[in-house]
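Asks: Here's the feature list from Swiss-Prot:
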- 1-28: signal peptide (SIGNAL)
- 47: N-linked glycosylation site (CARBOHYD)
- 93-349: disulfide bond (DISULFID)
- 144: N-linked glycosylation site (CARBOHYD)
- 186: active site (ACT_SITE)
- 254-266: disulfide bond (DISULFID)
- 290-317: disulfide bond (DISULFID)
- 293: N-linked glycosylation site (CARBOHYD)
- 386: active site (ACT_SITE)
- 438: active site (ACT_SITE)
């Protein structure tokens, strides 16, 4: 559980001032970008061909809010490749912990919590990848104003993330005007369209300081509370995880509830459902749970992913290894986290942030309509083994958008095998990934990389669409 840092805010403020002053004095010798360059990480027993940078960008100097980032340049042709911002959700979960260390980043962590290995399916093979821990209180991101940690919400997260991007690109001016995309998962289903909307509005009022946003992609993301609940209850019932009675009660008591702020009555039914489901990994229902962790009961009530990993040797306890690694003082030093600014205990998710989340609209579907009209490339993908924001939830939400289909629904292929299913709509592309859980790149890394490459290039995944379309036409003609 992440600790609140309010008790030592004065000390942190003084450290932050000293830290920034030192950085200013070093400006004559090294730019802030050069100071942020990471030379080598503890436990990295191999060389890499790409540069990477990490550090802080202040989003509110008066209150002392600063967000932590980690940039990985593309393996090849970094100067011509697009920039992609990756966001995890929660709310309150770290993009470094999940996105970088478990999913799409190049550096993954072995079971000893000290040694790194290179992810052969890292997304920086195709783009420059920027991980951001937002809002403050998540990961290494901090505020010197203790009340900030209990006043986060969707609105301020979007505002601070936009401020971060505008200031970050001044530090890395080579990315000004570069094609820019936002990708992420889970509660980032709120963050991503909200930040995209903020960027579009900013661009409309600023010619000189615009961000060249081309599109976004959301995986297993919250989109609409009603449809997310509807699809979730249907999914866990259809797989036989809950009883008919509990299914009926969930629909009755929770069907119109907020996804992250449920009523006491709804929570009681969710507790019953959790007991019936048992100790499985609801983020990946067909893989083993981590028995080394505490009981995973009440998973439907928790915001923090208790995830599992498929790698060369299956290890469902990845979160534990990540927590050990990013608490190491030598790791924090390598990532330019001053001792006085580091959390007393770094954690993958912050309970303080999630439990005090202030604003969360019941739906972001209206933003989808706005951004489709703005001409952004929008893809939505879903791992079909996720029982937190399942594929049924996503399909209900997309159906509610009432978009015109442009292609038949059918399988896409990778190496001759079905990778999942897809359908293109006017303004949106929907893709499922077969066998993947809530964190698609974790369980199906090869398929996820193929999906990502297709998205940023704007090319469809390999399908047998023509034969499917022909079959559908024949059926319509026969009827």
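Placed from the backbone N, Cα and C atoms, the Cβ positions cover glycine too.
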Asks: By a simple count, how many Cβ atoms lie within 10 Å of the Cβ of residue 47 (N-linked glycosylation site), its own Cβ left out?
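Replies: That number is 7.
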Asks: Residue 93 (disulfide bond) has how many other Cβ neighbours within 10 Å of its own Cβ?
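Replies: Step by step: centre on the Cβ of residue 93 (disulfide bond), count other Cβ atoms within 10 Å, giving 28.
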Asks: For residue 317 (disulfide bond), which of the three DSSP-derived states applies: helix, strand, or coil?
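Replies: It is coil.
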Asks: Could you check which of the recorded positions (47, 144, 290) sits closest to residue 386 (active site), going Cα to Cα?
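Replies: Closest candidate to residue 386 (active site), judged by Cα separation, is 290.
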Asks: Nearest to residue 317 (disulfide bond) by Cα distance: which of the recorded positions 47, 254, 438 is it?
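Replies: So, spelling it out, the nearest of the recorded positions is 438.
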Asks: By Cβ count within 10 Å, point out the most packed of the disulfide-bonded residues listed: 317, 349.
Replies: 349
Asks: Near residue 254 (disulfide bond), how many other Cβ atoms are within 10 Å of its Cβ?
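Replies: Residue 254 (disulfide bond): 25 neighbouring Cβ atoms within 10 Å.
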Asks: Cα distance, residue 254 (disulfide bond) to residue 349 (disulfide bond), nearest Å?
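Replies: Counting only the Cα atoms, the answer is 25 Å.
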Asks: Expressed to the nearest Å, what is the distance separating residue 254 (disulfide bond) and residue 144 (N-linked glycosylation site) at their Cα atoms?
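Replies: Just about 38 Å between their Cα atoms.
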Asks: Please report the number of other Cβ atoms within 10 Å of the Cβ of residue 386 (active site).
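Replies: So the number of other Cβ atoms within 10 Å of residue 386 (active site) is 29.
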Asks: How big is the gap, in Å, between the Cα of residue 93 (disulfide bond) and that of residue 186 (active site), rounded to a whole number?
Replies: 10
Asks: Run through 47, 144, 266, 290 for me and report the recorded positions whose CA is within 10 Å of the CA of residue 438 (active site), in sequence order.
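Replies: Qualifying among 47, 144, 266, 290: none.
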Asks: Between the Cα atoms of residue 144 (N-linked glycosylation site) and residue 266 (disulfide bond), find the distance and write it as a whole number of Å.
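Replies: So the Cα of residue 266 (disulfide bond) lies 36 Å away from that of residue 144 (N-linked glycosylation site).
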Asks: If you count other CB atoms within 10 A of each CB, which of 186, 266 wins among these recorded positions?
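Replies: Compared across 186, 266, the most Cβ atoms within 10 Å surround 186.
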Asks: With the cut-off set at 10 Å between Cβ atoms, which of these recorded positions ends up with the most neighbours? Options: 144, 290, 438.
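Replies: Result of the Cβ crowding comparison: 438.
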Asks: How many whole Å apart are the CA atoms of residue 266 (disulfide bond) and residue 186 (active site)?
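Replies: So the alpha carbons of residue 266 (disulfide bond) and residue 186 (active site) sit roughly 21 Å from each other.
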